[in-house]
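A.B. asks: Structure provided below as structure tokens; questions to follow.
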Amino acid sequence: MARIRADKMRALLKVYFISGSTNTAETELANVLAQAIAGGVTLFQFREKGRGACSGAGKTALGKKLQAVCQKANVPFIVNDDVALALELDADGVHIGQEDGSAAEVRRKIGDRILGVSTHNVAEAKQAIADGADYLGVGPVFATSTKADTRAVCGPEFIARLREEGIHLPIVAIGGIHAKNAVEVVAGKADGLSVITAISNAADPKAAAQQLSQVWK
Ligand code: 3NM
């Protein structure tokens, strides 16, 4: 296996759904994911975080269930933060934040699997690239109440600024994105839209994913 090419990575980032049992009821999550994929989700991240999140065998079982939904539809399955679980499940990749340890160390552990790193400024972006990231997560581009400890809102134009500073790795924007403001993110030079609640809280997850993928057309 070789590292993913940038053009393939950019295509996968277009509509990137992130979720766990604290965003959608655990019993509903596989169903929501299947609907979201039917609506055009290109990549999925299992992010089991926050109060009441599953751990241990329960987390592994939920991860396996969601991975099976992804595999059926040929959508890559990324695990947030938990390298051991990603290796146990033979996931397609890992996403880490700045507080989740060294990206270089994660790269060594996961081989050629996809590595995403959340970054918030040029220095973090350059370090993530040097450490072997395949894509950068940048946010919050808009206000969000889904994650408590986010940095200040950077706005979608911040991604264009990173480009001007010579950061050419694929970038996915995150934070408060929904169908109505997604067009601003696309105009701001992001390669992809990553969302939690725009899909996990939608009355119709398939339609929500369709609306987000429509923004690229
Ligand atoms: N990371 P929603 S914002 C998981 O800024 C996450 O790095 C962020 O959820 C960052 O789409 C965020 O519901 C939450 O706003 C995104």
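Just so you know, glycine gets a Cβ as well, placed from its N, Cα and C.
Note: TrEMBL annotation is automatic and uncurated.
Annotations for this protein, taken from TrEMBL, read as follows:
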DOMAIN    15-199  domain 'Thiamine phosphate synthase/TenI'
BINDING   Q45, F46, R47, E48, K49, N80, S118, K147  4-amino-2-methyl-5-(diphosphooxymethyl)pyrimidine binding site
BINDING   D81, D100  Mg(2+) binding site
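Thinking about packing and proximity, how do these listed features fit into the structure?
C.D. replies: Within the same chain, the residues at least 6 positions away from N80 (4-amino-2-methyl-5-(diphosphooxymethyl)pyrimidine binding site) whose Cβ sits under 8 Å from its Cβ are I18, G20, Q45, F46, R47, E48, K49, V94, H95, I96, listed in sequence order.
When other Cβ atoms within 10 Å of the Cβ of D81 (Mg(2+) binding site) are tallied across all protein chains shown, the result is 19.
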A.B. asks: Relative to the Cβ position of S118 (4-amino-2-methyl-5-(diphosphooxymethyl)pyrimidine binding site), how many further Cβ atoms are located within 10 Å?
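C.D. replies: I count 22 other Cβ atoms within 10 Å of it.
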A.B. asks: Please compare the binding-site residues E48, D100 by how many other CB atoms fall within 10 Å of each one's CB, and tell me which has the fewest.
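C.D. replies: With the binding-site residues E48, D100, fewest surrounding Cβ atoms within 10 Å: D100.
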A.B. asks: Write down the Cα-Cα distance for D100 (Mg(2+) binding site) and S118 (4-amino-2-methyl-5-(diphosphooxymethyl)pyrimidine binding site), rounded and given in Å.
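C.D. replies: So the Cα of D100 (Mg(2+) binding site) lies 10 Å away from that of S118 (4-amino-2-methyl-5-(diphosphooxymethyl)pyrimidine binding site).
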A.B. asks: Quick one: give me the count of other CB atoms within 10 A of the CB of F46 (4-amino-2-methyl-5-(diphosphooxymethyl)pyrimidine binding site).
C.D. replies: 29
A.B. asks: Under a criterion of Cβ-Cβ distance under 8 Å and sequence separation of at least 6, what residues of the same chain contact K147 (4-amino-2-methyl-5-(diphosphooxymethyl)pyrimidine binding site)?
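C.D. replies: Residues satisfying the criterion: P140, G175.
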